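> Below are the features I grabbed from TrEMBL:
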type: TRANSMEM; residues: B:16-35; note: transmembrane segment
type: TRANSMEM; residues: B:47-65; note: transmembrane segment
type: TRANSMEM; residues: B:71-91; note: transmembrane segment
type: TRANSMEM; residues: B:134-152; note: transmembrane segment
type: TRANSMEM; residues: B:159-178; note: transmembrane segment
type: TRANSMEM; residues: B:184-205; note: transmembrane segment
type: TRANSMEM; residues: B:226-244; note: transmembrane segment
type: TRANSMEM; residues: B:274-295; note: transmembrane segment
type: TRANSMEM; residues: B:307-334; note: transmembrane segment
type: TRANSMEM; residues: B:340-361; note: transmembrane segment
Amino acid sequence: MSRRPMFGAPPRGKTRRNSSNELKNGRAERSAYELRLVTAVLFVLILFGVLLARFVWLQGIQHDKYMTLAEANRISLVPVPPSRGIIRDRNGEILAHNYSAYTLEVVPARIADLDTLITELNQIVPITPKDRRRFKKLQEESKEFESLPIKTRLTDAEVARFAASSYRFPGVEIKARLFRHYPQGEVGSHLVGYIGRINDRDLTELEKNGMLANYRGSEHIGKIGIEASYERYLHGVTGFEEVEIDANGRAVRTLRRVSPRPGHDLMLSVDIRLQRVVETLFAGRRGALVAIDPANGGVLAFVSMPGFDPNLFVDGIDPQSWKDLNESPDKPLLNRALRGEYPPGSTFKPFMAMAALEGDFPLVRQTIADPGYFLFGGHRFRDSKAGGHGSMNFDRSLTVSSDTYYYQLAVQMGIDYIADFMAGLDFGRQTGIDLPGERPGVLPSPEWKRKRFRNPAQQKWYAGETVSIGIGQGYNSYTPLQMAHAMATLTNHGVAYRPHVVADIVDPNTGTRVPVAPRPERVLPWQRGNTERVLRGLASVITSGTAASVFRNAGYTAGGKTGTAQVFSLRGAKYSAHSIHERLRDHSWFIAFAPLEQPRIALAVIVENGGWGATAAAPIARKALDYYLLGKEPEPVAPEAAPAPSPEPHSD
Amino acid sequence: MIKQLWQRFKQPIDPWLLLFTLLVFLISAVLLYSASNQDTERVSDKMTFMGISLALMWCVASIRQQTWMRLALPAYVTGVVLLLAVEFFGVTSHGATRWLNVGITRIQPSELMRIALPLMLAWYFHHHEAHLDWRHFVVAALIMVVPVALILKQPDLGTALLIASSGFYVLFFAGLAWRVIGLGIIAFGVLAYVVTHWTLCVQILHEYQCRRISTMLDPTSDPLGAGYHIIQGTIAIGSGGWFGKGWLAGTQTHLDFIPERTTDFIFAVYGEEFGLIGNVALIGLYLLVIGRGLLISHAASTTFGRLLAGSIALNFFTYAFVNMGMVSGILPVVGVPLPLISYGGTSMVSILASFGLLMSVQRDRKLMKG
């Protein structure tokens, strides 16, 4: 050991020379070493002390914090989406259900070169150009780390083939998923609607309604139709699994499971067989039919033609199919029954008649001359029948559909009374049907006009405008649903039920049924004698009036009213169906109910550009009633064999 | 008969050090069983290594001090030559060149330096003990710097620092002036400052070294990289609480949250499963080992023995402290195993070899005095 530490040590020679100091120095050296040893011990104790303090801090004082962190670290809540409720028609036929299938899923964010991947995948599982287009579209709409199906509904052989070479495809996996399926295809598509992938707008909406949490783990949501309006019943309650995960996010074991509650099943009031029959009857024509059970407002058929295949939308529609649907001039995506607003034409007359009886206007007790026109304010309002119907009274006015009579009636009642009365029948406002996106239609009134137009000159109501309202023209425009609903209310003597397509909401576990709308919404204070008189008038339309030829030899009693909605103002020119473009032809209306004594069905049909009510719409109504009341299947109709308009036009 | 056997057994082996070592080994085996997810094969591998290491320790202990003194210079020179060989012919792995391929296996010369450097320095001071002055300390510093610089160049910051510290302990016990120690601490502080200031750091050290050090200061800055280790380590230890979650019951451990959980981060497993009580017990046990080493140093009859034993004891402490400090987040993540506990043979062999040296010093105490 050194006698002295290096710096500041006394001169070496001195120490060396003084040999008597050897022992002394040895002792000093020893004590210097001991000081070092004590320092070392202190060094060790202090640093271990620091470490111990750290442990006391971590394990004693901060223990709760780290415990929480550890729990959060290892327990992950994995949402378990519920299975969606099944939709059945009134007879139990399935309209929408789920089935399990394998999908090939890709997380695009984890793939370096998607095109190469798809090419390689294609050698194992055929991926069609349609699949590719659909995938591209999904990719644009989805978030970065989302797993997207590139190929759905794999066959067992495809699953096996992929499984054998899955090691080559990191970021690609096979998942079993529940798929929504609409076994009826296009039939009832506008009614049932479809589900689609949840988009940003859906998310905003869900968040607003406080339902976002319940959609963790769900990828689909009802977009239109029943799928959308009964979303909160169909979806069910998301369950979750408390899963212990490792640092790589792999599930190690399940600690706790809260099972999802499956969505409620729906039992419709709709008879899908009637629906199918009606859709066949349209035979390629555009239009809509709504049939309602007047006794409770249950919708029996809700047809909008043309339709579409809702299955296309379930796992993302491919851009070409979307383009085809969206850009078709026939507008297959437009729900005409719910959103198509058409002038009601003469089908408005029964309600005008009802209003006149209830208001006890003088005209209903008078017989007038119908010269084929009505002069008002220096303007000549033409009757559809040139030369007129001769002498005209209340009961005959419905049978032959006299325009002149209803022009006068409208003038006598005045626009305010008409608007008031019609509002009671839900004209100009939503019926409140359990389908999303219903249009209110237009019930014209001076007030409506003030709101509708900004230009003060346009805001004024002209008395001449009231005249056209009388025959269901002018600003009047209603949806087929509104017409059917009004027809049902009328046949029901003013007892109005809210139309509904779902009859019962069924708990899938207990089978408990909750009916949707059994109580009348409103009872209009009408005299029964008045409704009976109008309904008798409608019966005469069938037996001897404008629809007599269509309803010849019907095996039941019925009432109805034809109508024609002008698409194109002829400005006095003679109407000739053959000389004008098909899309400019009038819309053909028919409203009906049957049987007379105890109505079981009320309906409204419109055939776009179908011409006269009696030629296009009424035959569809007849066959629908035949099927519904008698079970008589209609003979197949060739699309081209649509009845041509009569060469000699006559009144509706 | 039994007494005779005990005497012979006692002769080369310090029973206390052996006892403490065996106790740490017991902890090690129990802990490895848990950390390796009950992999009995790895535990038995470890046991085999323990046996080999103990045998080596016995051999080292049986060799007399004079022999070790004679071997010091050749060992050191061999070490430096091998380090230079690494520089020219080394095997590169993970961006670091630390290994030499000698046909049947790879060797890591820096491991040899762990023993060779203190041996060399202790021998050097012993050789010059009669006329020691500041020049000897300069030479000693040079002896230290050569291997440390070579190891730093590999790069292997952790090992370089540990070997430097083992050399420093020899200098410390040899009587390095307090002033110099003070200056050294200041210099180290300045270096630490430079290192923690990024741009300066990158110019001096490798980028990943700088990152490791800066990560220590703010682990959350890189939660999935180097900081991940520290965060997961502290969570595991902290969630252990006073009494731990129990053997085999550490959730963080068994769910793969702890990286390198059988090697450098095994202490996180220990802290989680045995809690503060267990940590105190382990530190206590380590203190007994260190204390025994320092006692052997104190009782040593030669300067060589004194310096060597002191350095070995403090170096063992350094390993323990740096590893536990790193896992519990008060020191940067450097690749230092938890002495005698981490899985991996090399460090165990070198530590037990150093224990053998301690025992050799202890055995020759009386002989030298006599």
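Just so it is clear, glycine is given a Cβ too, placed from its N, Cα and C backbone atoms.
In terms of burial and nearby residues, how do these features look in this structure?
Listed as Cβ neighbours of the transmembrane segment (B:16-35) (distance under 8 Å, sequence separation of 6 or more from its ends, same chain) are residues 42-43, 46-47, 50, 54, 57, 247-248, 250, 253, 261-262, 266, 269-270, 273, 282, 285-286, 288-289, 292-293, 296, 339-341, 343, 352, 355, 358-359, 362.
Taking Cβ pairs closer than 8 Å, the transmembrane segment (B:71-91) reaches residues 97-101, 106-107, 109-110, 112-113, 115-117, 119-120, 122-124, 143, 146-147, 150-151, 153-154 in its own chain, all 6 or more past its ends.
Remote same-chain partners of the transmembrane segment (B:134-152), defined as residues 6 or more beyond its termini with a Cβ less than 8 Å from a stretch Cβ, comprise 76, 79-80, 83-84, 86-87, 110, 113, 116-117, 120-121, 124-125, 128, 159-160, 163-164, 167-168, 170-171, 174, 176-177, 180.
Counting residues 6+ beyond its ends, the transmembrane segment (B:159-178) has Cβ neighbours under 8 Å at 110, 113-114, 117-118, 121-122, 125, 132, 134, 137, 140-141, 143-144, 147-148, 151-152, 184, 297, 303, 306-308, 310-312, 314-315, 318-319, 322, 334-336 in the same chain.
Beyond its flanks by at least six residues, the transmembrane segment (B:340-361) meets 12-14, 17, 21, 24-25, 27-28, 31-32, 35-36, 42, 46, 49-50, 52-54, 56-65, 68, 108, 111-112, 114-115, 119, 262-264, 266-267, 270, 292-293, 296-297, 300, 305, 308-309, 312-313, 315-316, 319, 323 of its own chain at Cβ-Cβ distances under 8 Å.
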